[in-house]
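Chemist: Let me give you the structure first, and then I'll get to my questions.
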Amino acid sequence: MITRTKIICTIGPATNSPEMLAKLLDAGMNVARLNFSHGSHETHGQAIGFLKELREQKRVPLAIMLDTKGPEIRLGNIPQPISVSQGQKLRLVSSDIDGSAEGGVSLYPKGIFPFVPEGADVLIDDGYIHAVVVSSEADSLELEFMNSGLLKSHKSLSIRGVDVALPFMTEKDIADLKFGVEQNMDVVAASFVRYGEDIETMRKCLADLGNPKMPIIAKIENRLGVENFSKIAKLADGIMIARGDLGIELSVVEVPNLQKMMAKVSRETGHFCVTATQMLESMIRNVLPTRAEVSDIANAIYDGSSAVMLSGETASGAHPVAAVKIMRSVILETEKNLSHDSFLKLDDSNSALQVSPYLSAIGLAGIQIAERADAKALIVYTESGSSPMFLSKYRPKFPIIAVTPSTSVYYRLALEWGVYPMLTQESDRAVWRHQACIYGIEQGILSNYDRILVLSRGACMEETNNLTLTIVNDILTGSEFPET
């Protein structure tokens, strides 16, 4: 069975090989995420080559995501991990050094030091290590640790309650986006989005680089991103609820309600929503997840997430393939119990999708007709992707087979809940409907005598305005006589 909620896997040392990537794909991966906070263009280019070859061989819409480093704060190089204990002090410096307990550790970006006051709470490595700033100077900070831990190279660092006025896009981000455009990557996840203008800045950069239509996912991981969420959600193409940094920048107890709010608003705007961070964290080491992790995945789906994401579990974990299989199993079981009717009551006034009145009216009516007729799939032809994206937000009980002539739309739709993209070069209605039925049978979505609903353009129309309820076999044999 195919999941409707999509699975994003982060690729790293544990999985950057043709053999492991093939196993992840077979286990249920829909999107491969490359984290540009780590690795070089050479290693990422190698992974992109493996992934493109794999998706061509398997003929599947596997999307490749570029996750930017963004204006994040990280430790510098630490050749040997530094063991710290409660009460111990350590200096963070602006100079480029190999970190040690005695000489201190580099902190990047170098311009951050003037923004950090004495007494500020510092959280390192997703909050596992807590320290307080006891001394702040123009080019260094002195920390006192509140607990024990192990400092390692390039780990993230957050300063709670401090708005560090760093530019949204760094020189590295621009170089990485240029690389992503040259490599024809499918989607970009923008880290540390704080304002709606950040999305506009990145979109202009992508246009200057030659790909103005590259979809942008806004990662919400700080208080400013939450405060400006409504505008960000309308301007971005999707939202990622980055719970790791969000739970550090804010309080962890705020995260569940924020997750529900962001998932709901994302659906109302018509954009996909990714829930991320620590979904199967224990499987980095263990072969089985905790019960709490299983419940977390299920609740993210009940909230309306379009996709759920694995990070360290597949990038560096001991059981990457098992983690994807577990996630797929949880998704399939949860989707059996999803309350589809509740999604039909969405407020359309916040929609950011550019859809015509025809599609708005006919799309929702089509879903209701198909459900009453017990149709097994909805087939729609799309050049821009907007029709299946619009339909997806209502979480219909049946799959949406999206037929498209656009390669970029084909891969972009891999992120949409319940959408199964099919690439075609045919614009003739009879031909692409026939192809879609064959595809549905091959994917296990359809059988010969299933009812299906087809959305298409009328002969004299430029917009989707036609509904046809019919039988798969009638399309395949050319003996179609529409039921409605």
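Using N, Cα and C of the backbone, Cβ positions are placed for all residues, glycine too.
Here's the feature list from Swiss-Prot:
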type    : residues                                  : note
BINDING : ARG33, GLY244, ASP245, THR277             : substrate binding site
BINDING : ASN35, PHE36, SER37, HIS38, ARG74, LYS155 : ATP binding site
BINDING : ASN35, SER37, ASP67, THR68                : K(+) binding site
BINDING : GLU221, ASP245                            : Mg(2+) binding site
SITE    : LYS219                                    : site 'Transition state stabilizer'
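So where do these features actually land, and what's packed around them?
Modeler: In the three-state DSSP classification, ARG33 (substrate binding site) falls within a strand. Applying an 8 A CB threshold to same-chain residues 6+ apart, the list for ARG33 (substrate binding site) reads ILE8, CYS9, THR10, ILE11, MET65, ASP67, ALA189, MET309.
Cβ neighbours within 10 Å of PHE36 (ATP binding site), excluding its own Cβ and spanning all shown chains: 23.
For ASP67 (K(+) binding site), the count of additional Cβ atoms within 10 Å of its Cβ stands at 26 [all protein chains shown].
In three-state terms derived from DSSP, GLU221 (Mg(2+) binding site) belongs to neither a helical nor a strand segment and is classed as coil.
Remark: LYS219 (site 'Transition state stabilizer') has ASP67, GLY70, ALA189, ALA190, SER191, PHE192, VAL193, GLY225, MET240, ALA242 as non-local neighbours, by Cβ distance under 8 Å and separation of at least 6 in sequence.
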Chemist: Between PHE36 (ATP binding site) and THR68 (K(+) binding site), what C-alpha distance do you get in Å?
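Modeler: Distance between the two Cα atoms comes out at 5 Å.
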Chemist: Can you tell me whether DSSP puts ARG74 (ATP binding site) in helix, strand or coil?
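Modeler: In three-state terms, ARG74 (ATP binding site) counts as strand.
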Chemist: Can you tell me the CA-to-CA distance separating SER37 (ATP binding site) and GLY244 (substrate binding site), as a whole number of Å?
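Modeler: With the alpha carbons as reference points, the distance is 15 Å.
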Chemist: Restricting to the binding-site residues ARG74, LYS155, GLU221, GLY244, THR277, which ones have a CA within 10 Å of the CA of THR68 (K(+) binding site)?
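Modeler: Taking ARG74, LYS155, GLU221, GLY244, THR277 one by one, none has a Cα falling within 10 Å of THR68 (K(+) binding site).
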Chemist: At a 10 A cut-off on CB-CB distances, which of the binding-site residues GLU221, ASP245 has the highest count?
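Modeler: Counting Cβ neighbours within 10 Å, the top one is GLU221.
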Chemist: Within the same chain, and leaving aside ARG33, GLY244, ASP245, THR277, name every residue whose CB is within 8 angstroms of the centroid of the CB atoms belonging to the recorded substrate site, in sequence order.
Modeler: LYS219, GLU221, MET240, ALA242, ARG243, ALA276, GLN278, MET309, SER311
Chemist: Between GLU221 (Mg(2+) binding site) and ASP245 (substrate binding site), find the distance joining the two CA atoms and give it rounded to the nearest Å.
Modeler: 5
Chemist: Give the maximum pairwise CA distance in Å, whole number, for the residues ASN35, PHE36, SER37, HIS38, ARG74, LYS155 listed as binding ATP.
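Modeler: 14 Å is the greatest Cα spacing among the residues binding ATP.
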